[in-house]
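Visitor: Residues or ranges marked as transmembrane segment by TrEMBL: B:12-37, B:73-98, B:110-131, B:143-163, B:184-206, B:212-232, B:244-262. Residues or ranges marked as domain 'ABC transmembrane type-1' by TrEMBL: B:73-262.
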Amino acid sequence: MASIELRGVSKRYPNGLYGVRDIDLKIRDGEFVIFLGPSGCGKSTTLRLIAGLESVTSGDLLIGDQSMVGVPPRDRDVAVVFQSYALYPHMTVAANMAFGLKMRKMPRREIATRVDRAADLLGLSHLLTRKPAALSGGQRQRVALGRAIVREPKVFLFDEPLSNLDAQLRAEMRLELVKLHRRLGRTIIHVTHDQIEAMTMGDRICIMREGRLIQSGPPLEVYANPVDTFVARFLSSPPMNLLPAHLEVDGDGLTVKLGEAIRLAVPERHVPAYRAVAGRPVTFGLRPEDIHEQPPAPTQQGFEVQVVALEALGAETNLVAQPTASGALPEITARLGRQARARTGETVTLYPDLLSMHLFDPETGAVIPRPPLDAPR
Amino acid sequence: MTDSAGQGRGSGLRLLLTHALLILVCLVILLPLLWVLRVSLLPPSLSYSTDLSAPLSLVNFESLFSGRFPRSYLNSLVVATGSVLLALPFAAATGYAFARFTTGGAVARFSVLATQMLPPVVIALPIFQMFQTLDLSNTLTGLILAYAALNLPFLTWILMGFFKGIPVDLEWAAMTDGATAWGAFWRVVLPVSLPGLAAAGVLGFILAWNEFLFALILSGPNTATIPVALAALQTSNGIQIGDVAAGVVLAVLPLMIASRFIQRFIVEGLTLGSVK
Ligand SMILES: Nc1ncnc2c1ncn2[C@@H]1O[C@H](COP(=O)(O)OP(=O)(O)OP(=O)(O)O)[C@@H](O)[C@H]1O
Ligand SMILES: [Mg+2]
């Protein structure tokens, strides 16, 4: 059993700064959890605390229902892939991978088998006798990964383990890690900055900011229901459009007023949830993929924009545009299909799909809750 | 900018000037040494001769070897090596503690450095007194102890810098891999720091090898080290310049070998490749 539980965990460094603050998180045995957040938000610190490399300042940390206070790293049965790799420079690749097994007094034959298997999996077989100094960055990173994998510990802590690989290798390794997880069923925490890794690999995403855990949940759920503007913008690229707006009562319904002239009717199913904030300024959020060139429904209102830039990515086209209506609106981004017809400089009409709209408090950035749409599957 | 300028016009003149300057500096440094080398190879009667065609001879070395010099040479080797071997483990432990932990705070670090700032004479007299009472003067053991004590702060300081340069992630990796803190030090930090330890050891060796003041006070005729033995060649009959020159040449030999080592160790950054 290797569930991990953090109860109000804080880490304060001697210089008075907090690495992480009041983290409450329960990770089930065998769960694959993604940590996501901007640089310096405390992801690595959290891993170090779980691994026992730094001590928790306050709060309690449990692995497998046992408090880990005072338990040294070697007794936690945790393997870490360090962000810096931290390969042993005086040992060969093979010795690097074997070190942890040797420390645990595993028989030589078994060590050799495991090292060979991991090397094979990671494409390192031809490098086993080299020293780290004679490897490329990506090769070093895979050695670091191999050193963790061979141990088959209760818990894997991966700190951006694929950051230095090329796109193709990264896709392969992503798959290998998912397979590894399926095969061994161990608890994994995986830190990443990569959009695809974050959305596809884990059972759950934990989003951190400034040392705090601000949202956690299954990737698609978090994507569909961000708790605030930060999560809304952070979890996708291009990020969610956020526009200053006013919510007005319109008979039985509600209207989102953007700038002076754009009025968009709030779909009926969202009206009950949003009625409480009617008459107030709000931040209106809509993801780029929820803005279309054609109306999603015949009655859907659109608004005019002038196209500022087009990014044709092959499978899709990102369109950056300035709403032409008066009222100092920021530029918006729409994610259109391959056959987007708009051209730079043109004025076109875009149709937002308001079913996927979000409203946020303009002061705090917190979401104004509404019932979730069924997560698309 | 200077890189591309190397290709341009006028670079020839610059190159020439640079080299002329370098050669000049080299001569300033080398000429005295070359002079000593030449004197060591001339018979004593020609020591001060400016005749470049004078016949060379090994008579100075012969006379040196017939006296106490070989003994002093051995003494120096024993004392310098012994003191380094004695000081190094302690210096490594202290340096590591200073590098990784807050042990002792800034005060401890400064006091280690401060001992290096004291003029040696200040401690020479108390040490002499102490060694007298302990029956350690006139013994090689005494000298080894004294030099180990002299070397300790110096080596600690050097090694502290070296350990600081080793990423703590390395130890953390070892610790998650199942090593104790001691095991991480022994199996990872120490092997990685071998070049640093060797470099520090060589520096400490040189320090002890060249030391004069303490050797003068603490040694007797049988325990004299090279600097003392060379000084003793200034007899009432005047300075035996030929013997002194020969002695200096022999004394410099191990230093030249040592400097080769030190270059290799310092240049070779072993942590290379451990982190990105
Ligand atoms: N030893 C330390 N002393 C003081 N502050 C520290 C220390 N280590 C980390 N911090 C601070 O703690 C915060 C969290 O650092 P951490 O390394 O966990 O960030 P991260 O989320 O892993 O960032 P990145 O994505 O850049 O790796 C940062 O603001 C950092 O400056
Ligand atoms: Mg990090």
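Including glycine, each Cβ sits where the backbone N, Cα and C put it.
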Visitor: For the transmembrane segment (B:244-262), find every same-chain residue at least 6 residues outside the stretch whose CB is under 8 Å from a CB in it, and list them.
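Guide: Residues packing against the transmembrane segment (B:244-262) from afar: 33, 36-37, 39-40, 47, 60-61, 63-64, 69, 73, 76-77, 198-199, 202-203, 205-206, 209, 226-227, 229-230, 233-234.
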Visitor: List, by number or range, the same-chain residues at least 6 past the transmembrane segment (B:143-163) whose CB is under 8 A from its CB atoms?
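Guide: Sequence-distant neighbours of the transmembrane segment (B:143-163): 75, 78-80, 82-84, 86-88, 90-92, 94-96, 98-100, 109, 112-113, 115-116, 120, 127, 131, 136, 189, 193, 196-197, 199-201, 203-204, 207-208, 211, 214-215, 218-219, 223, 225.
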Visitor: Taking residues 6+ outside the transmembrane segment (B:184-206), which of them lie with a CB under 8 Å of any CB in it?
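Guide: Residues packing against the transmembrane segment (B:184-206) from afar: 80-81, 83-84, 87-88, 91-92, 96, 151, 154-155, 158-159, 162-163, 166, 170-171, 173-175, 254-255, 258-259, 261-262, 265-266, 268-271, 274.
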Visitor: Hey, which bits of the same chain come close to the transmembrane segment (B:12-37), Cβ under 8 Å, at least six residues off its ends?
Guide: 5, 245, 248-249, 252
Visitor: For the transmembrane segment (B:110-131), what are the same-chain contacts with Cβ under 8 Å, counting residues 6+ beyond its ends?
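Guide: Same-chain contacts beyond the ends: 94, 98, 137, 142, 146, 150, 153-154, 156-157, 213-214, 217-218.
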